[in-house]
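Taken straight from TrEMBL:
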DOMAIN    B:198-306  domain 'Acyl-CoA oxidase/dehydrogenase middle'
BINDING   B:T202, B:G241  FAD binding site
DOMAIN    B:343-496  domain 'Acyl-CoA oxidase C-alpha1'
ACT_SITE  B:E481  active site, proton acceptor
DOMAIN    B:543-672  domain 'Acyl-CoA oxidase C-terminal'
Amino acid sequence: MRTILEFGRQSLKRSKARTTMASIPFSFGETDQVLVEEKYSTRIFTLNRPNQLNAVSFPMVQFSISAIELFLACEEDHSVKLIILKGKGKAFCAGGDVAAVVRGITQASSNWRPGAIFFRRQYILNYVMATYNTLSNFTIPLQICMKVSILNGIVMGGGAGVSIHGRFCVATENSLFAMPETALGLFPDVGASYFLSRLPGFFGEYVGLTGARLDGAEMLACGLATHFVLSEKLSLLEDALYKADSSDPVVISATISEFSLAPNVKEKSAFHRLNIINKCFSCKTIEEIILALEREAADKDDEWISSTLQSLKKASPTSLKISLRSIREGRLQGLGKCLLREYGLVWTIMRGEINKDFFEGCRAILLDKDKNPKWEPAKLEQVTEDMVDRYFSKINDEDWEDLDLPRRSNIPPYAIAKLQILS
Amino acid sequence: MEKEIHLLQFITINSMEKVNFRTHILSEHLQNHRHATTATISASPCFSYVPPEVSERPFSFDVTSMRKLMDGHNFGDRDWLFNLMVQSELFNPRLRGGKIFVMPDYNHSMQQQRKITMKRIEYLLDHGVFKGWLTGKGPESEMKKFALLEVIEIFDYALAVNIGVHFLTWGGAIQFFGTKRHHDKWLSATENYLINGCFAMTELGHGSNVRGIETTATYEANTGEFVINTPCESAQKYWIGGAANHATHAVVFSQLNIDGKNQGIHAFIAQIRDENGNICPNIRIADCGHKIGLNGVDNGRIWFDNLRIPRENLLNSVADVSPDGKYLSAINDPDQRFAAFMATLASGRVTVTVSAVYSAKVSLAIAIRYALTRRAFSITANGPELLLLDYPSHQRRLLPLLAKTYAMSFAGNYLKLLYIKRSAQLIKTIHVVSSAFKATLTWHNLRILQECREACGGQGMKTENRIGQLKGEYDVQSTFEGDNNVLMQQVSKALLAEYMAAKKRNKPFKELGLEHMNKSCPVIPTQLISSTLRSTQFQNDIFCLRERDLLNRFAAEVSQYQAQGESKESAFVLSYQVAEDLGKAFSDRAILQCAIEAENNVTAASLKSILGLLRSMYVLVIIEEDSAFLRYGYLSTDNAAAVRKEVVKLCGEIRPQALALVSSFGIPDAFLSPIAFDWVAANSWSTIEN
């Protein structure tokens, strides 16, 4: 039996009803941005905006039947043992639909509120994904439900936020991971200050600041993915997973392992340059990082160093400074704290009172596509410590509301187990 | 509200038929045992860990602002260094209960611990952590050095002591006792670890009494050299950090002899190992061996067999010897010369004092977080077991120590600033305050460590939970950089000297915070009510009253002994009881003033109110514990009973803020320990399998 449920703007009540999830075929709603299939005890969620590279949209996170409620409903539905999350088309998920957010703000006479709500909902979704099926509300779950994300394509920004925090992430030869926010005048959010900072050495700073792209093999090597499976094997993997009919992480891991490979990391990969990365990206400030890279470049003619430098020089100076500090603070904090800090940052950025690089970046990269953003301030040294402090300080504004994360138990051990320091 | 819900749910569980519940748990146990691989902690219904962040009420004040208030300075530098340590394999990261913790492996042998300590130093050096520690100028670079050293202390005290020996004692001696020629030759080389320095002052026969050391340095005009010699076994240099394995150079403290005349203690530079690490001729070195703590520090013993060093190796900022053997010093009085010499050693005492506060913070954060998640015994028929910290007795054990740690944290900050501002006029104040604070804060830390160890029960026994190990690592703080008892005697002596000087010249007191002696004696109300007990006025009054009275008593007792024909020195020795009480009174009063000042500088009402509670707790618990208040009649027994009651009330009021208060310490999770977090997961079977 196979049921496709298309979700749009329906009532929360219905989706939560167990029968709805289980057997009654529903087809309603104006949108079908997330498809849900049911196979025995498995639910397969497919992000379904292939033309927008499955970008996380307003409807996905905003309305009463959002992805958040869908996930929570599955969590409460004790017949569901496993959720598989994947994307339709060549992307898993290319991130939050920031173009829409920015269009909203710039066109609707600087109305930043919908944007703030968008980020708020998105971060809550990240938190739900990360804390999925840990003890919630102090009740004792009789049945646990696991999550497997299949990253067969582009995984960027918000796409990483809905997958990386979870228990299992399967990369393929088509995976393409990046946190490109500094080029957009934003910073790696969706909990990236948590997961980037837990990559080996200072690789997280490198990935987060330069927006470097990683393939599936690199994702596996650095700990962003737990498994690597060739895309041709994915349908077999899905079959095996739902036939396994289990929520035991050991069984699920073993099932995926049957199909997985240990691919070689390509020779030119940045992952082979951890020594230089650790040396340079451990510096205290962006200026020192650039100086250290330039010093390395002076010693040898190296294409990787020059392209790394180029990425840093192209990025918004303000974004670089905010991003570095956010990752460094994130390394010492839990995911909840990271999301709270990131929400404060994104809120200040949306208000655009300190600078407007985010709007300029989106204009140049996503809307006008002239790829020539005019950052303001344009130079690193013009971004003072004081300016950076303002982004991180407590917001005194009557409109401000703290991110109200659902009160769930701690982030489970397994959520960070795979992101531990590699030896 | 959150907590009520929490309790309610436990009651619901408990209201299930008890027998069925028990059977269910037992069958789970059995099942788990049979299918061990499928067991997951979250499926176990017996005890689920709930993080205190979830179970406790939301914070009533901004913990970031509080952290800034307590750390005081260089927040970005601190976090950067925390990052550097967490991300390196050298700092021994371990996954426990889903979190990474960094801590030295104390299961390593003494030699392994020393080796890895040196590797960590190399890593920190490579990443520029020590940049400017000796070549930097101005208060900013000194404050930065303090901040980074504090972060290193939070990781491992042995690492910090190694670095402290090299930079603060060896490097400090070059800076303060040396002149330009020494600075040019050694400071930059030291900062970059081209050489390894140590500080050879203490001998087997003489420690605190530095003036009694027996090593000699004799000048020979015909060769232009000093000859350094260890004349007897009691003159062997002892406990010299760095000497056993890796130091290449030493500052050697010796009695300077010129033409048969002893000019007192002077400091000399001697090379003790060559660049390959071989011990130099005319030097013998032995290991001090395994210790009760700080085994990452290679303490050694050194004998000098008529070692010849050039005349230029005398550190000559206070006194010099001309090539033809003339002794030259701007300070003629040998007592003053010695004082000028010793004043510069205060930086060691300052860092020891502050590090004691950070050790106290680490152990309190662990013990209090544990007490917020660990339950024991139920006090109602079917009720849930109580959280440890919900027992008033457990609150009384930990929360007063928390309050004292806050006050002492502000005292540490004050001391750092006082040291930074150092000038000739401040030498005496720095000496007295740093002595008093060093003794008080290090004793406080040792007491905290013991209490926290016990408060964590059996878990406190585990090395991975840090507190027990810290007891050994920090124990020596009561001895090095001046024995605590000796320091406190010096404080009382200095106060007496101040007293005598003021009385003799009939002039008002104007130093060491004794200005209150110029006013009329404060009067304590006959009946103390809660609001009085919590007022700054009362708290100040009673601490000043105690200090004033004890100083008068000390002076009277000493002069009484002298009238009976005892020498001044012998009179001091005989008056030790009052001297001890007085030292404590001075220290407690000075710390209170630091806390009051910190509180006054805060604007946010939420911070002010919690700081007020902590200050009251600090004062009242001292009054409760120190018998001097009753012995000398500063308090009636009725009032002492009122104080005792108020302490209990304060415990209840601070209890809801306990989590916020330890979160404000700003110590990253990775530097605490598994029992501070999900200790159920950290100890689950699955962690053994994997």
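Using the three backbone atoms N, Cα and C, a Cβ is placed for every residue, glycine included.
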Legend entry - Cβ-Cβ distance under 8 Å to B:E481 (active site, proton acceptor), same chain, at least six residues away: B:L345, B:G348, B:R349, B:V352, B:K438
Legend entry - Residue, out of the binding-site residues B:T202, B:G241, whose Cβ gathers the largest set of other Cβ atoms within 10 Å: B:G241
Inset, instruction - Could you put numbers on the helix, strand and coil content of the domain 'Acyl-CoA oxidase/dehydrogenase middle' (B:198-306), residue by residue per DSSP? - result: 6 helix, 53 strand, 50 coil
Legend entry - DSSP-assigned states of the domain 'Acyl-CoA oxidase C-terminal' (B:543-672) in counts, ordered helix, strand, coil: 108 helix, 0 strand, 22 coil
